[in-house]
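One structure is given below, encoded as structure tokens.
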Amino acid sequence: MKLPIYLDYAATCPVDERVVKKMMEFLSIDGNFGNPASRSHKFGWQAEEAVDVARNHIADLIGADSREIVFTSGATEADNLALKGVMRFYQTKGKHLITCKTEHKAILDTCRQLEREGFEVTYLDPKSDGLIDLEELKSVIRDDTVLVSIMHANNEIGVVQDIAKIGEICRERKVLFHTDATQSVGKLPINLSELKVDLLSMSSHKLYGPKGIGALYVCRKPRVRLEAIIHGGGHERGMRSGTLPVHQIVGMGEAYRIAKEEMATEMPRLTALRDRLYNGLKDIEETYVNGSMEQRLGNNLNISFNYVEGESLMMALRDIAVSSGSACTSASLEPSYVLRALGLNDELAHSSIRFTVGRYTTAEEIDYAIGLVKSAVEKLRDLSPLWDMFKEGIDLNSIEWTHH
């Protein structure tokens with residue numbers, strides 16, 4: 001067993017060796033290095049064919065038509081293209097968008113930008129288990145609502161929203177529905193030929209592919225129109241200009257092909273490892289799982305250890321790679337906005353750790369992590385006057401702290 005142990009697969013994944021091997025074929029002079037937009041020679045044709053094959057693999061995993069896949073630089077760009085592209089194109093129809101307070105920053109920051117442009121955004125509060133209230137969603141849809149954007153699985157707490165039902169609600173009210181499926185693609189079955197989803201964002205590096213490439217699914221029937229946010233050459237049917245990075249696209253395609261093949265066996269294995277971790281930690285006093293345990297990704301566990309400061313716990317756990325808050329924003333010392341939205345107080349939100357297991361995680365690593373977390377929590381609580389007060393039965397919420 002090698003230290004440190006990587007338990008942060010929701011932040012990124014190593015690239016699968018099979019993917020690396022495939023990508024290497026599309027880089028050097030001996031390989032297939034052509035530009036897929038070069039229509040006049042074999043180098044271009046071979047590159048174009050490789051892109052088509054990858055596009056098909058990606059479409060197959062999510063039950064889409066390959067013509068509905070638009071390549072982007074990642075899920076952040078896909079989210080930007082979906083929200084800005086739709087809202088700007090349909091602004092004569094309406095200027096109202098609905099999302100949720102626990103969305104990824106790629107959605108929330110894009111919504112803030114749209115608000116600066118004069119659009120109106122409604123932010124739904126999640127319930128305490130992280131799920132949105134579908135009745136509340138119905139009640140906030142207006143005549144001028146153009147788009148609803150609700151993520152499939154949350155990046156911090158792994159909670160899975162019912163996108164089938166949300167899609168039905170949106171289709172009934174003639175509102176477009178976008179979902180950010182970055183965390184769920186390849187982990188949960190998604191069949192877009194059955195789901196009423198108009199736009200879906202996905203990433204490659206959360207599924208053992210390379211960083212710097214992602215895609216946006218744009219439904220053809222009923223047709224969804226977008227205003228491009230990047231211009232120059234009209235690639236990707238005018239929706240996203242720029243020379244296609246063939247090696248990255250091939251890598252993403254191969255990663256998605258492998259995921260489709262292995263999902264049925266891999267997800268039960270990951271869920272068993274996650275449950276093993278949970279069972280090893282749940283008996284520690286004053287620990288709370290954040291988010292629904294039923295409607296949840298099989299590889300995610302987000303736990304708050306009360307009376308332990310999250311940052312010091314992370315330092316004590318330097319032999320395991322975990323995160324507090326989400327990867328993009330965990331450099332800030334603000335408590336996680338996702339956990340705050342669930343109604344957790346600052347202390348509990350600050351003491352949360354996200355564990356996410358993946359393809360290379362072993363049972364031995366999980367057992368090591370359990371031992372490490374238990375001793376770290378015990379040690380830090382021994383140093384904590386708050387823990388002593390709690391053990392003495394003092395209600396910490398009733399204490400008036402003075403600020404000097």
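Using N, Cα and C of the backbone, Cβ positions are placed for all residues, glycine too.
Not measured: the values here are computed from a predicted model.
Swiss-Prot annotates A75, T76, N155, S203, S204, H205, T243 as pyridoxal 5'-phosphate-binding residues; of Q46, Q91, Q183, the candidate listed for that same site is Q183. Taking the Cα atom of each, K206 (N6-(pyridoxal phosphate)lysine) and T243 (pyridoxal 5'-phosphate binding site) are about 23 angstrom apart. Cβ neighbour count for T243 (pyridoxal 5'-phosphate binding site) (all protein chains, 10 Å cutoff from its Cβ): 12.
Other Cβ atoms within 10 Å of the Cβ of N155 (pyridoxal 5'-phosphate binding site) number 27 in total over all chains.
The local packing around S204 (pyridoxal 5'-phosphate binding site), expressed as other Cβ atoms within 10 Å of its Cβ over all shown chains, amounts to 30. DSSP gives T76 (pyridoxal 5'-phosphate binding site) a helix state. Local packing around the Cβ, expressed as the count of other Cβ atoms within 10 angstroms, is greatest for K206 among the recorded positions H205, K206.
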